[in-house]
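Engineer: Would you mind keeping the following structure in view while I ask a few things?
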Amino acid sequence: SIDPLSNVPCSFLPRSYNQSCGLDGPISCCTLDHIPLVSKCGTFPPESCFFSLICSLGSFMVMLVGLLRYAHVIECCGPSLLNTLGLAAGWICAAGLTMVGNFQVDYAKVLHYIGAGVAFPTSMLFVFLQSVLTYRMAKTRGHYWTGHLRSILSALAFITLVFSGVFFVQESFVLQHVAALCEWIFIINVLLFYGTFTFEFGAISTDTFLVLLKASQAPKSYKSDSSTASTPHGHSHSEGLAMV
């Protein structure tokens, strides 16, 4: 038999990717509904249970890593707009990842695609901003090598993300498989990128969390300082009125 979409004999194509293929059927399962995308591999139980669990834990870890990285950058270089944008991108990515894991593509396709549309671009933005911050914070040769490694991972992640999106909308059986391969490579790249934070997180101490607390209390301290600074001025003004 011949696959009508790719004109490839079904005997040369993979047998099955999930339970919907029907192993007892007369021909191999070789339709566009059975491409081994990440979401398709977590559609049916018990895989769907582990898929939801991993995505939920992953979203929590993304939020935690983003917060620790935010505090570490403040401790080293002070507050910056890029650091704040990086934290926001990481937390938005975590929200999208939660939607991806808890709304399977075969049962809640719209919500699943919305979560993927949020998680993938924001994760790309996060790794890009962190690469830029790495170069800005670099002081030793090891720091620069870390920046080079993160830049390579970011570039590869960007290329695979673009190819995955371009090939995903095609109706070719081969290009759909290439899209699935690019999607897996993108996820592995992002995971490796998060692993590079071990170089900085090894130096994190309680002082890092104190810096984060001070940063969150900075506006209050500013208001209190301004109020105390205006008090002597008010006393001098009242004293001047009394003298008049």
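The backbone N, Cα and C atoms fix where each Cβ goes, glycine too.
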Engineer: Can you say which of 147-168, 169-190 is given as transmembrane segment in TrEMBL?
Structural biologist: 147-168
Engineer: State the non-local partners of the transmembrane segment (147-168) in its own chain: residues 6+ outside its ends, Cβ under 8 Å from one of its Cβ atoms.
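Structural biologist: Here the qualifying positions are 120-121, 124, 127-128, 130-131, 134-135, 138, 175-176, 178-180, 182-183, 185-186, 189-190, 192-193, 196.
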Engineer: Near the transmembrane segment (80-101), which residues from the same chain, at least 6 beyond its ends, have a CB less than 8 A from one of its CBs?
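Structural biologist: Here the qualifying positions are 39, 42, 51-56, 58-60, 62-63, 65-67, 69-70, 73-74, 111-112, 114-120, 122-123, 125-126, 129-130, 132-133, 136.
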